[in-house]
């Protein structure tokens, strides 16, 4: 059986052509608001499909600015870095986007600003709204490119009621030695004060960072700048040795659950719900997520990690997620106005409450959710430091800290090994 | 040479000595029919564009410092020097080799043993074949999470060991740096032995029972028959099974990511997980491409050597 020559030739040509058109169609799904001066797009990342905070923010802006249209686009959190980077590289990124502070992630201020993809925010009032400690993470070469959406404490998500029932007391004024002295008795009951997901470098890393906030950044808030200028190294900083020694001491004293080095987040969830652990290391927004899931059956609070005796405890205040604009947006003024709107006091409070976080800007204790009341004094007294990782050169340094901390627990690494790994990662 | 092979070759020789028929000239220069090579052209073009050009461009980026966005510089062999000067990455290379060869050896030994055991005679062999093959059809990621649960500190394995009085054997299987890699290998072998068994069963089906019976009558023992008759006749199956398992072992990814995430402290990182981490977690696309190139070249070289070693020598 044969076909007429023309049809056969057409068929041969049509197949690659159709494939090319399909591929072109795949690549043309841009999210940019286009030429409509009243329409912009907003892409945000969320692990929870029912998360409405950015949708509410967009609706509030549209209500306050009749005629403006904001098209929202939710991206699954685990795909956000790759999706946003690819869109921005392809030139079809959103006008406004969810973004990470610092340079440790793909979709971060440092990474995208260096590539010239972000819109400089020129409104001078923005710099006064953003806490001075957070400006570094949202700037690149002195230019502001983004604003944080809320603040959280990177500390201990703690069940104070269950801990007290087991005879354990930890307060914001406790020291590391106070905690360690209580671990043995708890371990004897088959429980642990802290749960650690050691198989996840981010969880080991956040714990070490919480201690380092007091031992490193407490005495030298400019440590990151010193490291960037090669005035110091991880290995040569006593505070880093102190922080990692604290991890070893906590482990030796049985402060973590059995099998901590290989545990995942599922272990933390199971043990927390069974009362086998009293706290774990996470951004404080987790308090709300868990309390909401438990429908009020669990009451959690946020606490800073107690510093070693003789060192003042500083809380880790992290505002590492925010919003930034696309440099290629057709409506840069609208983009900047929307970003500014997101940190207005009313919106910042609404956003923070929905996320179980602390509002951006000047905060009064009446603005705080119940889980933050024990640390209201530390917040008021500004006894906090920003999350040091936000000022690090790249994500490998934090990964080296996380995997190295787990290595300290398994005995694979020494403190010097870990700090050398971090220095090498910083320079890579 | 076996009798069967002799007959097959004789048939081939007859065909090759027959006078070739004169090729029929097409009536028109442009006239085509089914079976002409250029009907495959669209697929070939797509494959070249989507696979080979993508691989070639990936190889190009291995010589750059591209971060996935913005411009990049050509940095020569710097990425490759870094790979071989970084202890973590040479460790990943070593782990890839251990997993690759371990996977090759264990799946083939166990797969062949199961195939021999379930080839003939046993009444329940069909049911047992299904049971052994079943893990192959489950997604590796799902299998890995099941095993992660089994290996967990308070998981079933340690509970069983405790229940039978072997408390001293209880371990934190996935956290102990000495055991974690072996645990990953166990999961890989457990899931894929069924596949190798099926390949060998197909090979064993070509071994005539009469031949073995004749050898047995001539006084050849079981091992002699296996060495002199079975092994030569299933040579093609050995080549296929070893090639597939070697390649699969070297590019292992899902199981490592799900079971240990490359931990504890990098003890189970492989080249494939490092490629993923460097490229998509740290956005070092250039460096990740260099790692991927090293992995590809490694697989290519080892496969060539392996093909040579298992070639048909008859």
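Think of each number as a place in line: the chain as shown, counted from 1.
Even glycines carry a Cβ here, placed using N, Cα and C.
Sequence annotations record features per position, and here TrEMBL assigns region 'Disordered' to B:1-25.
Positions annotated as transmembrane segment by TrEMBL: B:34-63 (among others). Residues 72, 74-77, 79-80, 285-286, 289-290, 292-293, 296 of the same chain lie 6 or more positions beyond the ends of the transmembrane segment (B:34-63) yet place their CB under 8 Å from a CB of it.
Taken from TrEMBL, the feature domain 'ABC transmembrane type-1' applies to B:93-306.
Within the same chain, residues 125, 128-129, 132, 181, 184-185, 188-189, 192-201, 203-204, 226, 230, 238, 241-242, 245-246, 248-250, 252, 270, 302 sit at least 6 positions outside the transmembrane segment (B:97-118) and bring their C-beta atoms closer than 8 Å to a C-beta of that stretch. Residues or ranges marked as transmembrane segment by TrEMBL: B:97-118 (among others).
Per TrEMBL, the feature transmembrane segment maps to B:130-150 (among others).
According to TrEMBL, the transmembrane segment annotation covers B:179-207 (among others).
Under the heading transmembrane segment, TrEMBL lists B:228-247 (among others). Long-range Cβ contacts of the transmembrane segment (B:228-247) within its own chain (Cβ-Cβ under 8 Å, at least 6 residues beyond either end) map to 2, 4, 100-101, 103-104, 107-108, 111, 116, 192, 195-196, 199-200, 202-204, 206-207, 211-212, 215, 220, 299, 302-303, 306-307, 310-312, 314.
For B:285-305 (among others), the entry in TrEMBL reads transmembrane segment. Within its own chain, the transmembrane segment (B:285-305) has Cβ neighbours under 8 Å at 55, 58-68, 72, 75, 79-80, 82-83, 89, 93, 96, 100, 243, 246-247, 250-251, 271-272, 274-276, 278-279, counting only residues six or more beyond its boundaries.
Here the transmembrane segment (B:130-150) has Cβ contacts under 8 Å with residues 114, 118, 156-157, 174, 183, 186-187, 190-195, 197-198, 254-255, 257-259 of the same chain, all six or more residues outside its ends.
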